């Protein structure tokens with residue numbers, strides 16, 4: 001009798017252990033494996049990382065600074081976590097990316113939990129959490145020191161908490177309010193505007209807005225939200241006044257929605273393309289998955305069975321909002337991927353219970369097979385067109401030298417072949433496992449090694465020239481980077497010195513002339529390129545060559561006051 005009673009407990013324990021190991025394995029593959037093996041990636045990651053490092057140097061944890069200038073692009077939560085990691089683990093790339101990796105793993109675990117609670121399928125939580133972790137967009141931002149994965153974890157966590165409160169235990173509503181507060185501390189008003197819009201539209205659709213709002217106790221919830229999110233905003237305004245309001249709310253929130261900021265423009269379908277490519281191969285399932293939800297009789301279902309409808313509203317609101325926004329950027333739609341993962345998971349679960357393979361399943365798998373073959377062919381020939389980027393010379397040759405094009409092609413051709421075998425055996429509903437294993441192999445054996453190769457040609461020369469600059473610069477000698485390309489803010493982090501950036505060769509001589517008139521500078525250490533030097537009109541006798549790594553040169557330019 002005791003053995004019969006203990007059997008369910010043992011089964012639950014095994015499931016719990018297996019679940020934890022699965023989530024840790026996904027986090028290890030997608031986020032933690034070789035997390036610090038490459039340098040900071042220009043041009044955005046160093047802005048976050050250096051601002052966090054500056055907090056540890058200045059002790060000012062309210063106002064972020066980059067290159068001696070206030071940086072109000074984002075609120076401070078990501079800076080705080082990075083700074084804590086620096087103080088605990090040292091100032092390095094692994095510590096800088098640790099908050100993103102942890103956030104990605106937590107989001108994966110939260111998705112597992114929500115599917116385990118509300119989907120009557122043992123496979124669903126494993127599949128859904130696998131989809132959340134094993135796609136290129138989540139992989140990218142879970143391995144870099146951006147604020148976006150932390151936002152996605154807070155954003156997604158708040159919506160998962162809402163649904164848990166809506167469908168089971170109302171105490172989860174408090175987590176919904178608190179996590180929205182942390183989302184606002186991560187990226188600003190979008191952290192409350194979009195989750196609130198998603199919840200309200202969902203409740204309107206199911207006709208339960210008034211009753212659920214009463215359950216949620218919005219006045220107390222708003223108080224909790226403000227308690228979490230508002231103290232920093234008040235302190236930032238107290239320290240910086242209207243400069244904070246104008247920059248943070250004016251430029252980095254209102255203007256990003258109404259006009260192009262930082263040259264991040266794009267066509268109206270920009271984010272559709274990002275989802276199609278970044279969520280591959282799962283994105284090919286989304287049309288059928290959405291149709292599956294719309295066809296279901298959701299009004300007749302209890303709250304606990306409305307997860308698919310909630311995910312559809314979540315996915316649609318985020319995609320439409322950022323499609324309307326004028327500024328386009330690859331990170332903006334990251335918060336929709338957990339919803340997309342749920343939609344695809346529910347679609348596959350639906351087919352597990354069907355005796356026949358639907359046309360939607362057949363078309364989706366056949367399309368996936370065709371795209372996998374095309375992807376494999378493109379990967380095989382990729383070295384021939386990877387040398388076109390001047391910032392990454394010889395990238396194609398290095399990829400070919402490492403044999404990575406063969407690895408990628410083999411993985412996706414194998415996925416296509418196994419898909420065809422499943423089709424012949426009328427087992428297409430198991431194609432999810434092929435995609436899951438294929439993506440894990442693609443990440444482990446191609447993406448991560450390829451990123452290392454890219455780092456060696458794109459970022460390593462910058463780290464080397466930064467080290468040379470630290471060794472060669474004279475005391476109190478200013479550092480200048482003068483090129484005809486984008487600024488490279490990683491130099492500020494690796495030199496741990498302020499840097500003046502000049503991004504037009506024709507502006508070099510006027511800058512030098514201004515220094516001569518000022519008469520306070522004896523010389524500058526200038527990081528530049530042969531093209532920029534030639535374009536500036538400077539003659540070889542006007543500077544002294546010090547070091548060169550790849551296309552980057554370090555020269556010393558003497559500065560003399562102009563003769564009167």
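Here the Cβ of each residue, glycine as well, is placed from N, Cα and C on the backbone.
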Among ranges 79-98, 219-238, 239-258, 459-478, whichever one TrEMBL labels transmembrane segment: 219-238
Contact set, same chain, for the transmembrane segment (430-454): CB under 8 Å, 6 or more residues outside the stretch: 29-30, 33-34, 37-38, 127, 130-131, 134-136, 139, 281-282, 348, 365, 368, 372, 379, 392, 395, 398-399, 402, 404, 407-408, 411-412, 414-415, 418-419, 422
The transmembrane segment (101-119) and the transmembrane segment (361-382) contact flag, 3+ Cβ pairs under 8 angstroms: no
Integer mean pLDDT for the domain 'Glycosyltransferase RgtA/B/C/D-like' (73-232): 95
Same-chain residues at least 6 beyond the ends of the transmembrane segment (361-382) whose Cβ lies under 8 Å from its Cβ atoms: 280-281, 284-285, 287-288, 351, 396, 399, 405-406, 408-413, 415-416, 419-420, 422-423, 428-429, 431, 435, 438, 446
Intrachain residues whose Cβ lies under 8 Å of the transmembrane segment (332-349), provided they are six or more past its termini: 107, 110-111, 114-115, 119, 121, 123-124, 127-129, 131-132, 135, 137-138, 141, 148-149, 151-152, 155-156, 159-160, 194, 271, 274-275, 279, 282-283, 285-286, 288-290, 292-293, 307-308, 311-312, 314-315, 318-319, 322, 325, 429, 432
